[in-house]
Each structure stands twice: as C-alpha cells, then as structure tokens.
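For 1-37, the entry in Swiss-Prot reads region 'Disordered'. Positions annotated as compositional bias 'Basic and acidic residues' by Swiss-Prot: 1-16. What Swiss-Prot records for R105 is site 'Transition state stabilizer'. Look at Swiss-Prot and you will find H109 tagged as active site, proton acceptor. The heme b binding site annotation in Swiss-Prot covers H272.
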Amino acid sequence: MSENHDAIVTDAKTEEAGGCPVAHGRAPHPTQGGGNRQWWPERLNLKILAKNPAVANPLGDGFDYAEAFGSLDLPAVKRDIAEVLTTSQDWWPADFGHYGPLMIRMAWHSAGTYRISDGRGGAGAGQQRFAPLNSWPDNGNLDKARRLLWPVKKKYGQSLSWADLLILTGNVALEQMGFETFGFAGGRADVWEAEEDVYWGPETTWLDDRRYSGDRELENPLGAVQMGLIYVNPEGPNGNPDPIAAARDIRETFGRMAMNDEETVALIAGGHTFGKTHGAGPADHVGDDPEAASMEEQGLGWRNSFGTGKGGDAITSGLEVTWTSTPTRWSNGFFKNLFEFEYELEQSPAGANQWVAKDAPEIVPDAHDPSKKHRPKMLTTDLSLRYDPIYEPISRRFYENPEEFADAFARAWYKLTHRDMGPKSLYLGPEVPEETLLWQDPLPEADGEPVDAEDVATLKTKLLESGLSVSQLVSTAWASASTFRGSDKRGGANGARIRLEPQRGWEVNEPDELAQVLRVLEGIQQEFNSGTKKVSLADLIVLGGTAAVEKAAKEAGFQVQVPFTAGRVDATEEHTDAESFEALEPVADGFRNYLGKGNRLPAEYLLLDRANLLTLSAPEMTVLVGGLRVLGANYQKSPLGAFTRTPGSLTNDFFVNLLDLGVTWKSTSEDQTTFEGRDAATGEVKWAGSRADLVFGSNSELRALAEVYASDDAKEKFVHDFVDAWVKVMNLDRFDLV
C-alpha cells in the first residue's frame, strides 16, 4: 500500500494495532475496491462486459463526437498547440526551449501499447490518462505533458477528445521541428473510466518480468518485456547492456505491434532524432506515481527532490542521453552519430547503463545551459540498430538515403498512431491521406445494383433449398462475423475474408466443411449475379445464417423476421495482409465450444474474453451461447452443451436442461474440462458439457441470467433476444449503418 495516502483515508482504514488494514485482517471498504474479488479472486469478472456504460458518460447519449470534431478549425487548433510547444513554463521547463520531443514521446507511448494479438492497447480511447498507464514507469513525467496541453483541451472542449489531442500534438511537434508527416485522422472518442479488460502481465511489481518462459519466450498477448514498459528495457534485457540480445527483444515487441524490421528501425531512429532522456540523479529522489500520489498533487506524480526537481535536474528513465546535435530539428543526425563514432559503456548519474561516443567532440547542446556541450550518447537499444545483422543494413541504407528514411518514418509513425482506429471510413478531418494502406484492411467499393427485399426473399429460399443445413449456415455466418474485435475494429463479416487465407484454413473453421459450404454459396452467388443485380459473398454468408435462424425459430413455433441489411463487399487477396490476419485466429471460441491447445486460462474465462472482444453484454453472451448450442454450431458437431432433443430448433432447451434439478454433473476428465450430466434417479447419462456450458449454472450471476431464459414464460423472449444479439454480431463491422 502507498505510504502517501491522505491521512483521513489512512485513519479510516488502519486498525488500532496499526499498519496495513488488509494485513491485519480488515477488508477494504467497497469504495476502495476489493469486495467479492478479494474473497474469490478467480471468480469471473463479468464487469468487463459492461464497460463504459452510458450512465458514466457526462456528454449523454445524444453527443456525436464525429460531428463535434468536424466543427473544428484544425489549422487553428494546430497553431494553438504549436504555441504551447514553444512557450516554456517555469513549473516544468522545456528541454532546449521546445516541448516537441516530450510530446512525441507522449503520443508514441499513447499509441505504443497496441498489440496485434488481441487488438487491445493503443491510442484510440486516451487511456494514458487513467491507471495503470498514467503511472507506468515508462510513462514517467508524461503527466506534465498532458497538463501542459490543458489550455488547448479547455479551449476546444468536447470537440477535441483527449485521445485525438495526444496524437495530434505528436504530429504538430514533428511538423514544428521540420518534419513532414504522412497525415492525421481524428475520430478517437474519449472514454470515462480505466480499462479493466486488458491483461498487461502476471507481475505485481513494476519492472518485474515473470512473463518469460523457455528460451526467452514472451507470453502472449503481451507486447513489452517488463511490467510498466512500452516495449523494451533501453539498457538491454534486464539491464544487461548487450545490443545483440536487445535486438531480439526489439524485434519481438515491435513485431507484436505489427511492425516489420524496416518500420522498427525507422521508428526508433526517427523518434530518437529528437530530444533526450532524463537521469540527472538517483531514482530514490523520485516520489510516487500519479495514481499513488497524495491529493494535493492533483493528479501529478513523480515529484523529484533532486536539486530543483525539473529542467536539468529531471529524472525519468534514469538514463541521460541526447542523440543528436540538433535535438529540436529533423535531421539524419541519429544515423550519422550511430555510424561515425565508436561507443563505450558508461553509467548515467543515476547509475543506468548507457553509451558515450569515444574520442568525439562535444557537439551536443545541453538542454538547459547554453554554455555547455556534450558528446553524443546512445542507448543499448540504439546500438542494436548498428550491430544486429538484420537491422544494420536497413539502418545504413536509411543513413545513406535520407529521403527514404524520412518517408519510412512518416509512414511508420502514421501506422503507429492510427493502427487501432479501424477502417479508413472512420477517419475524420482534412488531413486524412488519400492513399489507402494494406494494414487498414481495405475493402472495394460496392459494384452493381444492390439487392432489394424481393431479391433477399428469393435468395433465402435458394439458401434453404441448397442442401445446406441450419447448422452449416449458422456456423459459417458465425465464423465469418465473429472474427470482429471491438478493441481495434478489425475483422467481421464484411469482406468475406473467411474464403481467403488464412481464415479458410483456421482449425476452428473446420476447413473441409467450410470449403463445402463456400462452394454451394458461391454457386448461388454466381447464378444470381448472372442477372442485372449483384450480391456479394459476404452478404450471402450472413443471409444464409439469417435464413437459418428464421427457420429454426419457426421450428420452435415462432414466426420472426431477422433484420438483414445488404451492402457488404468481398475483399480481394491482394488487399488482405494474410500475416496480419493470422492474429485474429481464435485460440478458443466458447460460442462454438472450441478450445485450442496450449491455453493458459480455462474455457469459461476465454468465453468471457471472446464476448468482450465482440462488445457483448452478459445477457447477449448468455442468449447467444444458448441459441448456438441448440442450432448445432459446435466445433466438429461436438455433443458438448447440446442440451436438446430437437437440434435445429431455436428453443430455450439449453437453459431448461442445464438447470434441471433432476440432473447431477460429474467431471469426465482429469483437467475438469468436460462433464457428463446423469439422471439423478436412474444414473443414465443425459448430457455432456464443457466448462463454457456449465458456467451458466455454476456462476451465480450467469445463473441468474440463465434462469430468465429457462423460465416457462421465456420461450418467445429467448427467440427475440437471440435474434437481436445475432444481428448485432452480424453487423459489428457495418460502420456504414451507425
């Protein structure tokens, strides 16, 4: 516990015996956290399915950020930001008289938490303002950068989100220092609470690294080497100043952010063209991070007792390195100094490992004393760009071709800062580049006259008469649409990339079965498209699921019309980055009762994680699982969770039979992943289930939802709720409908 909590809080929590109240057996008040999670730390956290609720948004349901952003005079905003950058404040003086390098670091660290494996992190919601990111060691003193920007945020209010402002400021900083950026897109709407659904690692101590196993194998989905770092330790692995070993960490962590070797070199060299690091004194002079700091600090942290605590006495990383002789101007100086000098190891004033140019002139300016000069210095991770056999030729080519380097950095910076925004159609503002890039998962424009209601009815009939079963149609539509990730707005049914590699070969999609279904659907498409109108395979896949759900509802005794909106298009192989899409392959899909190999978490947690990526609520997750089970959507037609005698009929049987008091459940596997339900009276085996099934009876909150759908009066409600949740998933990537 922090030693700097306010006295009034400390008094309220501390027992007469003194010390930490938790250590002395006292549970925290609900306002302090804890609660049920303290008693049962491994219980499912369903709150991640109710994040950013409307009641927490002070702007109200009617606020349209895209419209508000569109009202901005963006050049005027940029002029105001530029004025901040060049107006040094006594309370936090600007290095070299310019806040540009600080703001580049702020923007980079806002975006740099993105990881491609689950799409989480990134700049899209301005999470750098909240814990834990606001207090990560690697984000030291970025609280000051954001505070410097408050006058700009205050002036433009809700028309400019913090999330957009952080990235825009990074761009303005680059432009003010002579660099031509690739472009900027707004559209990052703020949220109002810290993310609780991101796994940042197993460690409970800053800068610990329990995330490795075997031959330095980094745990998935993590994208940094230590808790509280954005990427790598700049001193080298665990502080070991070995540039070759550091290069391995760089390649791993930047790769997990979807950056290749050229982009990695460009980003590191481009970013380190500007500014300096800060390590004027020992780390024990630095106080608590912003989240732990006392109330009078008003959200600022890392108060420094060394000297003046700022300017030339600042302490952030503990390293004291300035890379170039022009730290506030774009140049090729980083590569010049990297290749033209030899470096020897030294320790910073804080005791950190860094490198200084041997026998070099003092050509680097001091950040705050114009009478001083210094020799060029480098980080261990900078030297990786010279000594790693893959990075070195890239670095040398960039050194010899400055224009190529500038273009590579501009593009890599744009990718870094826009990677989690979703398709280009969501980009806002006058500075959005015309060029569409492969990492944006581009889709073609719709071709031909769209289908109408009569066409849809005709196609439904053809689909249901095609010989494909309800199970096949539902499973294919689900497989296509459920790739969507709300974290970075990738995936989904639009584009029909399920017919392309790598998706058509994913184990969870049962490639042989999928190929059979796609052949039938493509035949229907070709026949229809021989006329004057066109239907995309993407639309046809979803329509097949739609027709199947309607048929299944009718079998259950309910006539429903499942909403369907045409307009999807088919992506091309040329515009599909297969390697990038490999990250979307599910390691588990509890909705299909699929559990891949090597998962660390039990199936019920993975189901919850999948539901979270699909932006589902707990009721939506519940009703979808119950419906998909009776519709036969299980992986390889597994009997697990198929608690019905009428498969293909959209009944609430899953819930009725799961909650049947006449059934007792026993594990059938040593790892307790599968179970059988026996008739309590006869001992006859009635059902088989997985953890992703039985959790709806064992977890008290999910059981409460299951009871709703198992009730005698819930049959029709179940059908309508399933349809609503189904349509939501089918349309998750239909940003054109919002």
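Yeah, the Cβs are placed from backbone N, Cα and C, and that goes for glycine too.
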CA pair H109 (active site, proton acceptor) / H272 (heme b binding site), Å rounded to integer, equals 14
Given the recorded positions R105, H109, H272, the candidate whose Cβ has the fewest other Cβ atoms within 10 Å is H109
R105 (site 'Transition state stabilizer') and H272 (heme b binding site), distance between Cα atoms, whole Å:
10
Tell me whether H109 (active site, proton acceptor) sits in a helix, a strand or coil according to DSSP.
helix
